[in-house]
Amino acid sequence: MTTPAPETGALTPSEDCNVSRLSDVTPPAEYGGLRTGAHYASLVLSSMLGTLIRLGLNAIGDYDGSVIFPLAWAQGVGCGIMGLGAARRAEIAWIYPPITTFVTTGIAGSTTTFSSWMIEGFEAFADTPTGPFQKTVNGVAYSLATFAISYAGVVLGEHVSAFLPALPRPRLPRHRRLSPAPLADAFMFFLAVASYAGALAMYFAAPRSWRERTVFALLLSPPGAMIRYALSKLNVRARFVGRFPIGTFIANIAATLVIGGAYAAGHRPAIVVACDAVNALQFGFCGCLSTVSTFVVEARILRRRWAWVYVLSSVVVGHLMVLATAGAVRWSLGYTGVCTGSDSVAG
């Protein structure tokens with residue numbers, strides 16, 4: 001199968017038996033610096049929204065007696081959004097193509113996070129107060145549960161899409177096959193600048209009790225999402241299509257390597273500013289650089305053999321990255337505390 005990866009921005013023609021012209025079923029073509037920039041600009045606000053959703057769901061799901069780990073909610077909801085957005089990709093593209101990037105790459109991709117999955121999987125292996133066998137069972141169960149919940153979320157999103165009415169499709173003149181939305185592109189740039197400026201203002205004006213733990217992470221979210229979107233362009237190279245989404249793999253593993261180092265740094269003595277930066281790096285930058293929603297969608301469309309290779313190599317290499325960073329510090333220098341944002345680690 002040669003279906004492009006979901007984050008590349010490639011558009012799938014809608015199937016309409018009542019229309020005979022190919023130009024009537026194919027979304028308008030896109031090119032030019034303004035439109036390319038609009039796709040990247042759409043990731044500023046959407047990545048912040050995805051991070052807010054993830055942090056909010058983590059907070060809601062983190063309570064004594066919970067039957068499932070808090071991150072499961074973010075992974076499931078984000079994958080549900082991805083399933084819905086991917087199912088309506090061609091319809092949304094007819095209205096305004098960067099909206100597909102806003103919904104799938106931005107909100108869905110930033111709500112889910114591969115790097116935090118690897119860190120929490122490491123904790124499940126390392127922190128279980130039992131023997132080696134129980135530690136292994138706990139860690140494997142965590143990863144299986146994460147993938148199962150994420151997979152179910154994508155399927156649920158697709159089913160929800162099937163019950164929703166079709167979106168209206170604007171008609172373009174036959175002599176003009178370009179998407180006529182320069183004003184919308186300009187507005188997307190304005191929205192990006194306004195969103196980031198607003199988050200920056202909140203960092204200095206918001207109450208100290210939560211601004212460093214939340215707003216600092218928001219400021220580092222857009223760079224992570226933009227790098228992931230840029231790397232996704234590698235997925236459609238001929239040698240990788242239908243085999244191995246190398247761009248998503250690089251983004252997930254790089255984010256896992258960075259979060260492993262940040263996690264280790266957060267468990268060593270540090271000043272308040274350093275703790276805030278470590279916290280923002282983990283939940284903002286790494287949370288948006290990595291993604292589970294795209295990872296699951298790609299695994300579903302790959303050939304079976306390549307799907308197994310892709311999933312297993314991603315999870316195994318991801319855990320190795322955490323072992324090489326967080327594990328190395330844990331078993332050599334030891335942990336002395338934990339950074340949660342705006343709190344220094346006691347030495």
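A Cβ is built for glycine as well, from the same backbone N, Cα and C atoms used for every other residue.
Annotated features in TrEMBL:
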type	residues	note
TRANSMEM	40-61	transmembrane segment
TRANSMEM	67-87	transmembrane segment
TRANSMEM	99-119	transmembrane segment
TRANSMEM	139-165	transmembrane segment
TRANSMEM	186-206	transmembrane segment
TRANSMEM	243-265	transmembrane segment
TRANSMEM	271-296	transmembrane segment
TRANSMEM	308-329	transmembrane segment
Cβ pairs under 8 Å between the transmembrane segment (186-206) and the transmembrane segment (40-61), at least three: yes
Range from 67-87, 99-119, 243-265, 271-296, 308-329 with most C-beta pairs under 8 A to the transmembrane segment (139-165): 67-87
The transmembrane segment (271-296) versus listed stretches 40-61, 67-87, 99-119, 243-265, 308-329: most Cβ pairs under 8 Å: 99-119
